[in-house]
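According to TrEMBL:
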type: COMPBIAS; residues: 627-638; note: compositional bias 'Low complexity'
type: COMPBIAS; residues: 639-655; note: compositional bias 'Basic residues'
type: DOMAIN; residues: 108-143; note: domain 'FCS-type'
type: REGION; residues: 70-94; note: region 'Disordered'
type: REGION; residues: 625-655; note: region 'Disordered'
type: REPEAT; residues: 206-310; note: repeat 'MBT'
type: REPEAT; residues: 318-414; note: repeat 'MBT'
type: REPEAT; residues: 416-521; note: repeat 'MBT'
type: REPEAT; residues: 529-625; note: repeat 'MBT'
Amino acid sequence: MESSLLPRGQSFGALQGKAPIRCGATAARRFARGESEETLEVTQSGRPLCSLSDKWKRRDSFGMFDGYDSCSEDTSSSSSSEESEEEVAPLPSNLPIIKNNGQVYTYPDGKSGMATCEMCGMVGVRDAFYSKTKRFCSVSCSRSYSSNSKKASILARLQVTGKPPTKKAKVLQKQPLVAKLAAYAQYQATLQNQAKTKAAVSMEGFSWGNYINSNSFIAAPVTCFKHAPMGTCWGDISENVRVEVPNTDCSLPTKVFWIAGIVKLAGYNALLRYEGFENDSGLDFWCNICGSDIHPVGWCAASGKPLVPPRTIQHKYTNWKAFLVKRLTGAKTLPPDFSQKVSESMQYPFKPCMRVEVVDKRHLCRTRVAVVESVIGGRLRLVYEESEDRTDDFWCHMHSPLIHHIGWSRSIGHRFKRSDITKKQDGHFDTPPHLFAKVKEVDQSGEWFKEGMKLEAIDPLNLSTICVATIRKVLADGFLMIGIDGSEAADGSDWFCYHATSPSIFPVGFCEINMIELTPPRGYTKLPFKWFDYLRETGSIAAPVKLFNKDVPNHGFRVGMKLEAVDLMEPRLICVATVTRIIHRLLRIHFDGWEEEYDQWVDCESPDLYPVGWCQLTGYQLQPPASQSSRESQSGSSKQKKKAKSQQYKGHKKMTTLQLKEELIDGEDYNFLQGASDQESNGSANFYIKQEP
């Protein structure tokens, strides 16, 4: 998806399908200064389009609030066609007034460009309203208003106290728009004060914006996460892209907008600066670019929303329209269908009550039936079918290799725990097989993996380590059962299943080539560990290098990038994390604030990695970085439980991994090349192993 380019010489109204409006420069300047009462002719292709008197009666192609810079203090406010016979209450003294170059401007009234529908309360362009009196936004509102039952609801809406309509409320309903807006502003200010008081207690927490700004961090771009919303259609959204956002530096009672530019991008989050602030970062703010309040330039004009410059800088320019034309001609903005793309990318096919087969978290060698309890951002909370209180659950992404369709285990020969429940509960149904992630098809008819072959594999019970491992069983469709040497249970209950194309298994020698710590078998005393010696001693052979997945995508990750990552030892948790090493397609993920022993090796295309701002976008809870005090206070907390969990099948303390030492290699005895380390490697990776002397 490409960002929309605003062509030179074209207005934003034209971008939205509206014809550009041009006017004589001299006449426009005289009109803006109020030096002439004559009518200003606005033309297109030499033909008059409309006549504007000393007050503009519509927004321009930018959606600018024309009354903002044309209504003087002396401009009288016109009432509606049905003026109340009762005395109209005076405007509150605290009604915001904008001062500019000695001139005072108040809100435009119903005849100065804006109007409010007396039925639904919508504020919009007056000339676009229905009927001569401009009291309603549409025919349906006009007809609904004539209904007596609807009149009662209108009066109730106007009564801000929530009590039954009073005589005062009826008067307010017939007051001019400026009085209504003033009353509404006072009501909104009260609500905002209440919200701030409440937020002061509950909003204390982690902020990605502050965390990145204070440490000058860089976040991984959204394009690195193909499984995340907008991951495949992010386009060239980058710094200097312009958007329309709510103007928070404004005292108007209605929601108004202004144009801002992206100063810095961090995942979904963008640091924005209002147009007109130049190098002043005083009002810069972070927001999620996929949020509902972020729009492409031109959206206000198309939607009838006002553009109002921030109060702090409104005195800097007398002609804001000319300023915007100059600043935005040729600039980039979001694609017009950006919000639609965001919404579509957050639609997930998995639904509650779907049944799946998922790994048994207590016995990795088998699968069990579980039911989808909830779906958040594509992440599934699965409850094992036999859980009566529905607390025995498991979290994973819908594209996780740990979940499969019903019947998968039987089809490939995988161990499966039969459920005590003989028939499906009401409302539960099997998930269609096509919804699951597809694995690459392999040819097992030729040279293939065999039982007893040695390899290196990420330990699923201690993801910070890569261990010496053995293929214990070859299943159908390219799946393998693998065990960690030296710590296997006699009954094979701690075997785990990886596909032959899995990025979590490696040929013999991979760790030494890439200077990664290799964990030797438990109890192996001949250190430092040497693969050739071990193969000779055990009478084993190494799995052929050509059988492993050597594809390395152009993933875009760099060392030091920030992201949000699942703690796979506690998969319900998503934490602030950092990429600390990159070996081909393998990433070392560090959880900020925690010791390195909790790091995890993860594939660059893992569905358990997310851009900065993903939790905020989807409503998932993000775990902030752990402070020194919190780490000390959690000696018996989930992190310690996680450490114990990684050892429950081993029955011993975690063995200290072997640190491989650098050695001089004799070129005559080895065909051995150094692989990529701590940097990105694109294209096919070549794995090499030492040749037996």
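Using the three backbone atoms N, Cα and C, a Cβ is placed for every residue, glycine included.
Sorting each residue of the repeat 'MBT' (318-414) by its DSSP state yields 22 helix, 36 strand, 39 coil. Summarised by DSSP class, the composition of the repeat 'MBT' (416-521) is 10 helix, 31 strand, 65 coil.
For the repeat 'MBT' (206-310), the model's average pLDDT works out to 94. Using DSSP to sort the residues of the repeat 'MBT' (206-310) gives these counts of helix, strand and coil: 16 helix, 30 strand, 59 coil.
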